[in-house]
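*Asks:* Structure in structure tokens, see below.
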Amino acid sequence: MQSAAFTLSPSLSLPLRNHSLNSSRPSLPLRLFAKHTEGVNSNVASSTSFLRRSWTLSPSPSSSFKFRPLPPSPPRAAENAVPDSAPAENSQLLKTLQLGALFGLWYLFNIYFNIYNKQVLKAFHFPVTVTLVQFAVGTALVSFMWGLNLYKRPKLSGAMLVAILPLAVVHTLGNLFTNMSLGKVAVSFTHTIKAMEPFFSVILSAMFLGEFPTPWVVGSLVPIVGGVALASVTEASFNWAGFWSAMASNVTNQSRNVLSKKAMVNKEDSLDNITLFSIITVMSFFLLAPVAVFMEGVKFTPAYLQSAGVNVRQLYIRSLLAALCFHAYQQVSYMILQRVSPVTHSVGNCVKRVVVIVSSVIFFQTPVSPVNAFGTAIALAGVFLYSRVKRIKSKPKAT
């Protein structure tokens, strides 16, 4: 059995025969809907198609009613659709949290490296041997990762090793000069001098790459140089050996950056940053080992350390922790560089230097005068400004 439902609709007026009532009451429109009742016999196809449509009553001159089909209703499935933006937002939030964790680890490993390294260098005055120990621990870590396939071992040719060799040389010298400076002056002062890295980067890039700085970049170098000069004049732990060692570290580290741009020209032979750093670490160990033995002898043995009155166990533990933190912060730095732009990484490096200086001053109770702090702040502000204006391109000259 079938049933039909009638509802009121504003689309059509049905006139009443009593005109007097019509004049005092509004007309009541009617709409007829024919619905199929569930569970009833519906074997006839024609009646089924009839029942699935909506119909209205339409007046005619003969006062009889005709059925006229209504236009089909728009689909309403979109009203119940679930937005797809939620998974994308969760994925973006997860990436942001991961990046924040990497920056935190980068700063934390840097802080602990400088603290443990300074403690080792204060007790053991052989910076070449200390640097060699750090490269030895790094070589062991790289060999462990390659041996267990935790990181893909690269296939190197003789030509690639020849191209990487200059990078390994300047990398070795850069870390050696840094340790020499840390052994002579305060950690905060070493890192204040190393804030002049952009100055040497601009000079070396112009000399060897033909990349000349914009006026904005040149202007940002003024507070860097002025701040370092002011901090150096008022530094309580100042000595020329520590100062020039830090300056030499700036030159060698920035030379490494310039050489790395020229080393792998062929894209097929190019290596990612983590693999390149791993290869350089192994090569630096073999380069520095004979130099350390020749310059300082074998001084890291327990017998020598005990005869020098050094706590052997404490020195070994701190040396190991310093080496682990050194390679950990380098690896994390390259992981961050793969996720952000070089400008963002440069800003993060500037913030890292501030964090290291402040933490070392607090930990070692380094005396800092107001003028010295002001000079350091100016230099670091210049580094931050440099990292921001470096991406501003100079306008091409009109021909």
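The backbone N, Cα and C atoms fix where each Cβ goes, glycine too.
Caution: TrEMBL annotation is automatic and unverified by curators.
Feature table excerpt (TrEMBL):
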{"type": "COMPBIAS", "residues": "58-68", "note": "compositional bias 'Low complexity'"}
{"type": "DOMAIN", "residues": "97-387", "note": "domain 'Sugar phosphate transporter'"}
{"type": "REGION", "residues": "58-84", "note": "region 'Disordered'"}
{"type": "TRANSMEM", "residues": "97-116", "note": "transmembrane segment"}
{"type": "TRANSMEM", "residues": "123-146", "note": "transmembrane segment"}
{"type": "TRANSMEM", "residues": "158-178", "note": "transmembrane segment"}
{"type": "TRANSMEM", "residues": "199-218", "note": "transmembrane segment"}
{"type": "TRANSMEM", "residues": "224-252", "note": "transmembrane segment"}
{"type": "TRANSMEM", "residues": "273-295", "note": "transmembrane segment"}
{"type": "TRANSMEM", "residues": "371-389", "note": "transmembrane segment"}
*Asks:* Based on Cβ pairs under 8 Å, which of the stretches 123-146, 224-252, 273-295, 371-389 lies most in contact with the transmembrane segment (158-178)?
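*Replies:* Answer is 273-295, with the largest number of Cβ pairs below 8 Å.
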*Asks:* Mind checking which residues reach the transmembrane segment (273-295)? Cβ under 8 Å, same chain, six or more beyond either end.
*Replies:* 128-129, 131-132, 135-136, 138-139, 142-143, 145-146, 151-152, 154, 156, 161, 164-165, 167-169, 171-172, 175-176, 260, 327, 330-331, 334-335, 337-338
*Asks:* When you scan the chain for residues with a C-beta under 8 Å from the transmembrane segment (123-146), skipping those not six or more beyond its ends, what do you find?
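*Replies:* Sequence-remote neighbours of the transmembrane segment (123-146) are 117, 153, 172, 175-176, 179-180, 182-183, 278, 281-282, 284-285, 288-289, 291-292, 295-296, 299-300, 305, 310-311, 315, 319-320, 322-324, 326-327.
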*Asks:* In the predicted model, what is the mean pLDDT computed over the domain 'Sugar phosphate transporter' (97-387)?
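*Replies:* Its mean pLDDT is 90.
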